[in-house]
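The structure appears right after this line, and notes come after that.
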Amino acid sequence: ERRCDPRRLSDCEDFVRGRSKGGRGEKECRLSERCCTELQKMPRECRCEAVEGMYKEAERKERGEGEQRQRLERARALPGLCSIEPSYCEIRPS
């Protein structure tokens, strides 16, 4: 189902990868807001599935570089960060 496509979480992927262009702080905040908007548009029942797919795609792009644990924790906590249900996604590390 297209509405559950992990590719619809592109801002979330950037956020999980820590790709706020130009440093931390305010930009990252805006990025997380855009990510929350993407997540809210998804049907509740497939949010975690989409988040997991997005996380695996982020890992593929990063090829295990850098802060894998941090990316995993960020991905798992995304719905909670956005104050939407379910508040936590159980993602199996790749």
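We count from 1, first residue shown onward.
Even glycines carry a Cβ here, placed using N, Cα and C.
As annotated in Swiss-Prot, Cys82 shares a disulfide bond with Cys36, one of the listed residues Cys29, Cys35, Cys36.
Disulfide annotation in Swiss-Prot: Cys48 is bonded to Cys89, selected among Cys12, Cys89. A sphere of 10 angstroms centred on the C-beta of Cys36 (disulfide bond) encloses 19 other C-beta atoms.
Cα separation, Cys82 (disulfide bond) to Cys89 (disulfide bond), rounded: 12 Å.
Secondary structure at Cys48 (disulfide bond), as computed by DSSP, is helix.
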